[in-house]
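Taken from TrEMBL, the feature domain 'Hcy-binding' applies to 11-320. The Zn(2+) binding site feature in TrEMBL is assigned to Cys238, Cys305, Cys306.
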Amino acid sequence: MDRTTEEKSNVVEELLRENGGWAVIDGGLATELESNGADIRDALWSSKCLFTCPELIRKVHLDYLEAGASILITASYQATIQGFLSRGFSQEDSEALLRKSVELAVEARDLYLKKCPQKRQILIAASVGSYGAYLADGSEYSGDYGEYVTLETLKEFHRRRLQVLVEAGPDLIAFETIPNKIETQAYVELLEECNIDTPAWFAFSSKDGVNIVSGDSLVECGSIADSCHNCVAIGINCTPPRFIHDLIISMTKITKKPILIYPNSGESYDPEKKEWVKSAGGSAEDFAPFVNIWHEAGASLIGGCCRTSPDTVRAISRALKGGA
């Protein structure tokens, strides 16, 4: 889909207008891949499926569209050139796998629209996970990369990956689970340095409902993102549902752009056991009663993150349509 720079910058606003002021983001990818038989116990996590079972990625994307999602997030969260190189892939093949993540989402969209009697706008958001996601040591949930990781380190790590994803032609870039201020700044500077005109959203994660996981100020990090020319939405992901309302209120004080939220199930991730652990508070099943409260508080793009499913997305869609 060829768009001018101005048209690209308006894709989120167009989607919101079409839907009456809200839109549904998809849910957890890894959860559903596992439910469909994929083995993702690997440092590459769900991106392993790009070369082991790409057809399952396409199927899960389709499942989310059928559940009511209008935005598909690609299977590139943990897909990095460095990660693929470490598994023996060439530079060329590593870049091809990144492109494939976008292609699979586009294929799912095309398949869905062919059989959908009522055409609707569907956006593809190319996921960019944090440096910590590549490390696969739990630091994506703490933002602690150590003293030797600098702004330049992060920019060089993400640079070619970002360029390849953009070249694949997504509607958006989704910077997800951003854990600290320095990576926020790295993304903003890279977009400018690489002359990228694709719109982007910035989604931070929090474990206390006040700051992002590193302890850096949400207000400060959000303001950095808000100043970015490419930024078309700002919000929160991979955060327990019980914190979402207060975080939305905080975001409304720093941006006039659409606010997005896609919480996790309320569980916490144990990086040593490589598994999710139940914790007190809301769960994915509890989303529906709060969706309209979150929307009224200021969130216009709502979905689910880790451990949520098409059933979660179906409940979100039904709630926003007034059927909860």
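Yeah, the Cβs are placed from backbone N, Cα and C, and that goes for glycine too.
TrEMBL labels come from automatic prediction, so no person has curated them.
Distribution of TrEMBL features across the structure.
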residue : record              : Cβ neighbours (10 Å)
Cys238  : Zn(2+) binding site : 27
Cys305  : Zn(2+) binding site : 29
Cys306  : Zn(2+) binding site : 22
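Other residues of the same chain near the Zn(2+) site, with their Cβ within 8 Å of the Cβ centroid of Cys238, Cys305, Cys306, are Gly28, Thr177, Ser205, Asn237, Thr239, Tyr262, Pro263, Asn264, Ser265, Gly304, Arg307, Thr308. For the domain 'Hcy-binding' (11-320), the model gives a mean pLDDT of 92.
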